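Engineer: Pasting a structure here, questions to come.
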Amino acid sequence: MSGLGIMVLTLLLLVSMATSHQDGGGKQATQRDAINVRRRRSITRRVVTEACEEYCEDRDKKTCCGLENGEPFCATLCFG
């Protein structure tokens with residue numbers, strides 16, 4: 001094989017490697033965005049009133065997670 005043929009094959013190999021690397025980064029970014037959206041939704045679902053916040057603060061709990069059966073639900077961490 002001539003030197004020109006080897007150079008062309010090498011160039012094609014490098015181009016294919018570079019494009020596959022870029023595609024992988026795009027997939028990772030999409031997955032990362034999907035995870036961030038899930039986290040944001042779980043945080044914004046809870047409905048908190050000032051009365052609930054004060055109730056939890058008086059009982060040495062950190063966070064009001066919302067109402068459960070009409071009663072304030074307090075916890076250190078809120079899930080969902």
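Along the chain as shown, the residues are counted starting at 1.
Cβ atoms here come from the backbone N, Cα and C positions, even for glycine.
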Engineer: Swiss-Prot pairs Cys74 with one of Cys52, Cys56 in a disulfide bond, so which one is it?
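Structural biologist: Answer per the record: Cys56.
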Engineer: If you measure Cys65 (disulfide bond) to Cys56 (disulfide bond) at Cα, how many Å is it?
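Structural biologist: Cα of Cys65 (disulfide bond) to Cα of Cys56 (disulfide bond) measures 9 Å after rounding.
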Engineer: Tally every other Cβ atom lying within 10 Å of the Cβ atom of Cys56 (disulfide bond).
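Structural biologist: Excluding its own Cβ, the number within 10 Å is 19.
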